[in-house]
């Protein structure tokens, strides 16, 4: 009986530590299933062969990541036939504009962290709006900043609004629309622009267009200022998150492309290229984590969200200043 119990325990340990892996000899079968699941169509046989080669490399990378004893799991998703360069150039968008401005007030946060709850998530208070999909337009900077304002509005008024990213893409004359932008310059341009309109008045097209504001739209929010935060201790982000609401932040998205679920520990940090929204934090199985809202649709990650381990500068999350807007509630 004792031997049976020991065998069961060993089997459980092996199962717990088993890393999910794709059989590379079945790459062709996986690829055909992938094509069917995501309705992928290619121009010719040559392109299909090239995409299959990238797909094979993706499988190898996924298997490698799943062997790292990370608590995250990586799987085939809609990006599996795209190179990293394609993904970063089309589906992220954090990029230095030709012109730069700095109207935001800089605040240095160097005090010891305060005492707050072990777990906190603005979603549990219904203060985070729905997941969006930027598609092949490098406008993450617009999505992340507007998502933070949508949350501020929900915190203040207990109502969800859906702001127009296309307004920012077309009418922000400092950032570069689908070719990229920065968080603080987006906030600064909102100040110059006046009121922000909702999605139904200025629908998302996912391409650069001339500004189509007519002047008779009904603005719902006006930004009157912005802050940039120098955070010396990652732990202080908890206090900031609870105080100002969800925070747009810059990361290196290279390591999250094939993410499926769990807490990411090993994450590339070679250069910031994507903007996401910090919405919460917590602890799972003694692993402290941050929760971020992404803009790659609900069919990616944990229904559009991902988690990274705290206090390891995962994905370079503390390499750039965090930002927030000051809303004119009297407008």
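Every residue, even glycine, has its Cβ placed from backbone N, Cα and C.
According to Swiss-Prot, the feature active site maps to 140 (among others). Neighbour density for residue 140 (active site): within 10 A of its CB lie 30 other CB atoms from the protein chains shown.
Following the DSSP three-state reduction, the secondary structure of residue 274 (active site) is strand. The feature active site is assigned by Swiss-Prot to 274 (among others), with similarity to another entry given as support.
Residues or ranges marked as active site by Swiss-Prot on the basis of similarity to another entry: 294 (among others). Neighbour count (other Cβ atoms within 10 Å of the Cβ, all protein chains): 27 for residue 294 (active site). In the three-state DSSP scheme, residue 294 (active site) falls into the coil class.
Annotation comment: Swiss-Prot describes 137-178 (among others) as disulfide bond. In the three-state DSSP scheme, residue 178 (disulfide bond) falls into the coil class. Counting every protein chain shown, 20 other Cβ atoms lie within 10 Å of the Cβ of residue 178 (disulfide bond).
Secondary structure at residue 211 (disulfide bond), taken from DSSP and collapsed to helix, strand or coil, is coil. Neighbour count (other Cβ atoms within 10 Å of the Cβ, all protein chains): 14 for residue 211 (disulfide bond). Feature annotation from Swiss-Prot assigns disulfide bond to 171-211 (among others).
Secondary structure from DSSP puts residue 267 (disulfide bond) in coil. Residues near residue 267 (disulfide bond) in space but far in sequence (CB under 8 A, at least 6 apart, same chain), listed by position: 252, 255, 256, 308, 314, 315. The feature disulfide bond is assigned by Swiss-Prot to 267-315 (among others).
According to Swiss-Prot, the signal peptide annotation covers 1-21, on the basis of sequence analysis.
Relative to residue 274 (active site), the recorded positions with Cα atoms inside 10 Å are 140, the candidates having been 137, 140, 171, 178, 211. Look at the Cβ of each of the disulfide-bonded residues 137, 171, 315 and count the other Cβ atoms within 10 Å; the largest number goes with 315.
Secondary structure from DSSP puts residue 137 (disulfide bond) in coil.
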